[in-house]
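*Asks:* Before anything else, here's the structure in question.
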Protein chains: 2
Amino acid sequence: MLSSAVCSFMLMKLGVNSGFSATNCVLASPAVLRRQEFLIRCLQSYSNQGDQKKLQEVKAMGEPNLEAAAENILRAITPTLDPSKHKGQAGKIAVIGGCREYTGAPYFAAITALKIGADLSHVFCTKDAAPVIKSYSPEIIVHPILEESYSVRDEDKKSILDKVLAEVDKWMERFDCLVVGPGLGRDPFLLDCVSEIMKHARQSNVPIVVDGDGLFLVTNCLDLVSGYPLAVLTPNVNEYKRLVQKVLRCEVNDDDAIGQLLSLAQQIGGVTILRKGKCDLITDGETVTSVSIYGSPRRCGGQGDILSGSVAVFTSWARQLVSSSDRNTSISPRNPTMLGCIAASTLLRKAASHAFNVKKRSTLTTDIIEYLGRSLDDISPVS
Amino acid sequence: MLSSAVCSFMLMKLGVNSGFSATNCVLASPAVLRRQEFLIRCLQSYSNQGDQKKLQEVKAMGEPNLEAAAENILRAITPTLDPSKHKGQAGKIAVIGGCREYTGAPYFAAITALKIGADLSHVFCTKDAAPVIKSYSPEIIVHPILEESYSVRDEDKKSILDKVLAEVDKWMERFDCLVVGPGLGRDPFLLDCVSEIMKHARQSNVPIVVDGDGLFLVTNCLDLVSGYPLAVLTPNVNEYKRLVQKVLRCEVNDDDAIGQLLSLAQQIGGVTILRKGKCDLITDGETVTSVSIYGSPRRCGGQGDILSGSVAVFTSWARQLVSSSDRNTSISPRNPTMLGCIAASTLLRKAASHAFNVKKRSTLTTDIIEYLGRSLDDISPVS
């Protein structure tokens, strides 16, 4: 029932969306037909899961029209642009990631934050990764401070750890959110440093979005996020499987997908979990929301980094909104990390859909990033 | 009264601007309406400051229509393009900045100079920063000559300082303007070198635009610019606060914004100060001009670097104009650094407005730079 309702709404929306840009206009007619067929196949997810009881719980938390509800949340938390504001007030984000092996992921997360509307985006990465990440864009501030084991002698580890922490601490209080994990790698010494950075972020009440190798770290050391309500985990299929095995000591059970997700968040002390999939399921251990807006069938690497960068910005904005007593009357849910996840999932899916409409099978993460601004403006126009 | 006059003019201009590009045309109708509402809110600045007496002084220095006056200045100082001229005559700019941590800022300032019309743009930066800045653009000449403390032994400092100075001195006489500060960082040894470079520039009568960490340096060592009429300081909110505290030994008082700014410039011996804000206030200690043309509500990092690069080019051009006796009959003010600041502030705001019209919330500094050329040609078409 849910999927057919959303499905009908989506088809209606498609007609409207065909006016998105001149280019889309030209492509609209055949593309809409193909997308309609695709949608009907795609939006069967929940009704096939044999989980009607839990499904009702999810439905009860949203409005009947889930897409409209998600867009309302995105609109509500996106701050107005006001010329009296100064640099930094729209958000300062830091990504902890980028090593000798991986440089694209932290770039995607950091540039996403800027493209959505954050004012400043930093990356803290290894010395090898920094020049490459810098070269992708002059807009990102890249700090080459992390070290991997291969370049550190055992006797120097303590002093280097202290130096890394001192460098990050100079900035910590200024950040509205940290993204830990994109392109982080799994070097033991580097992960030790990142564990300490997470502890400091937590002491400073800075929200932490954990993805990629950050989830590897956290799964092996749950105390880093356990009981921290400003932590957000964004696992994909495999990362979720490892989390469930470690925390619930069982296998993933999709017949009780929602119950299991709720248990998982509760067991980790009320962190927010965004379980990525055909439908994104989001919970803080109390409520569950699903976002199943039509996105793209392309599964090119890097889309998770767009999501984590987006969650960081929207969570920062939602925190500002929820903490300003005069503006928080009607928004639901009230948890800023839940709001941030719902908005981020919605925006990524919209942008991916637009990019796929134009680029088809050759759609890359960079293409999706280029549609973030337009997709956000479609939902929440600047005034 | 001032704000409503400028406001009316701005609304008239908006109708014209909607034809700026094909993309803008499509977006014009709703966008123009939203911008009109936005402008009416935005352009109240001065009348709300309870500073009517000082406001009259500011008005007396411009024409009733401040936007037209600013555009006239920009037009007057922009040199004609003449095929008989040779490379370098339209300006040779050098940016002193770029270190291990920051590479985007010096790039933005240097590429801005070229995009406005300078012939040559140099960056003097650290060895770590140079390959990255070079990778942003093959158009910029990047000198990897500066050193940070971490790579210099104490006993080598004197010889390295001498070497750095010798390298810069080889070029100094050729430069029409120096920009000191974008992405400079705060390393003590590096700042020692930059102090010496500034002294040499001053000896050679080369104008110096000081921004970012250059302002940190100058605030702690006012003698570097004190009494130098070719120095321009371009502080943002926080940098201005520190300058006022250091020089006037009091807090910023926006009820006497203009009086305080005049005092500050006078106390530093007649340097020119461009105080960045919702309205840019510009003074050389004698006159004050404000530029409040509609720009963009985006506060992404890097816009200050566009401004400093622009001030450098326009100041060079204004100097040429003022010193050529046959062409300086009508221009006012006469101080080339004042003229440079007014033109730069005007152009940045125009370009930011165009970029924001298209890119909305996802506007980045790179997008604004792409509109510098068109914005300049709108005001001062090549002939």
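Placement of Cβ uses the backbone N, Cα and C atoms for every residue, glycine included.
No curator has checked TrEMBL annotations; they are predicted automatically.
What TrEMBL records for A:70-379 is domain 'YjeF C-terminal'. If you look up TrEMBL, you'll see A:Gly183, A:Asn236, A:Val237, A:Asn238, A:Glu239, A:Tyr240, A:Lys241, A:Arg242, A:Asp305 marked as (6S)-NADPHX binding site. Taken from TrEMBL, the feature ATP binding site covers A:276-280, A:295-304.
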*Asks:* Across the record's (6S)-NADPHX-binding residues A:Gly183, A:Asn236, A:Val237, A:Asn238, A:Glu239, A:Tyr240, A:Lys241, A:Arg242, A:Asp305, the largest CA-CA distance in angstrom?
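*Replies:* In whole numbers, the farthest two Cα atoms are 20 Å apart.
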*Asks:* C-alpha of A:Val237 ((6S)-NADPHX binding site) to C-alpha of A:Arg298 (ATP binding site): distance in Å?
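*Replies:* Checking the Cα atoms of A:Val237 ((6S)-NADPHX binding site) and A:Arg298 (ATP binding site) gives a distance of 16 Å.
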*Asks:* How would DSSP class A:Val237 ((6S)-NADPHX binding site) in three states?
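*Replies:* In the DSSP reduction, A:Val237 ((6S)-NADPHX binding site) maps to helix.
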*Asks:* Nearest to A:Gly302 (ATP binding site) in three-dimensional space, by Cα, is which of the binding-site residues A:Gly183, A:Glu239, A:Lys241?
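*Replies:* Of the binding-site residues A:Gly183, A:Glu239, A:Lys241, A:Gly183 has its Cα closest to that of A:Gly302 (ATP binding site).
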*Asks:* Measuring Cα to Cα, how many angstrom lie between A:Glu239 ((6S)-NADPHX binding site) and A:Lys276 (ATP binding site)?
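*Replies:* If we compare the Cα positions of A:Glu239 ((6S)-NADPHX binding site) and A:Lys276 (ATP binding site), the gap is 10 Å.
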*Asks:* What residue among the binding-site residues A:Val237, A:Gly302 has the most other CB atoms lying within 10 A of its CB?
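*Replies:* Answer by Cβ density within 10 Å: A:Gly302.
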*Asks:* Compare the C-alpha of A:Gly183 ((6S)-NADPHX binding site) with the C-alpha of each of the binding-site residues A:Lys276, A:Ser296, A:Arg298, A:Cys300, A:Gly304, and give the closest one.
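*Replies:* Closest by Cα distance to A:Gly183 ((6S)-NADPHX binding site) among the binding-site residues A:Lys276, A:Ser296, A:Arg298, A:Cys300, A:Gly304: A:Gly304.
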*Asks:* Relative to the Cβ position of A:Glu239 ((6S)-NADPHX binding site), how many further Cβ atoms are located within 10 Å?
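*Replies:* A:Glu239 ((6S)-NADPHX binding site): 24 neighbouring Cβ atoms within 10 Å.
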*Asks:* Which of the listed binding-site residues (A:Asp280, A:Asp305) has the least company, meaning the fewest other Cβ atoms within 10 Å of its Cβ?
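*Replies:* Each of the binding-site residues A:Asp280, A:Asp305 was scored by Cβ atoms within 10 Å; lowest is A:Asp280.
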*Asks:* Can you tell which of A:Gly183, A:Gly304 has the least company, meaning the fewest other C-beta atoms within 10 angstroms of its C-beta, among these binding-site residues?
*Replies:* A:Gly304
*Asks:* Starting from the Cβ of A:Lys278 (ATP binding site), draw a 10 Å sphere and report how many other Cβ atoms land inside it.
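*Replies:* Excluding its own Cβ, the number within 10 Å is 12.
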*Asks:* By the DSSP assignment reduced to helix, strand and coil, which category contains A:Gly302 (ATP binding site)?
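*Replies:* In the DSSP reduction, A:Gly302 (ATP binding site) maps to coil.
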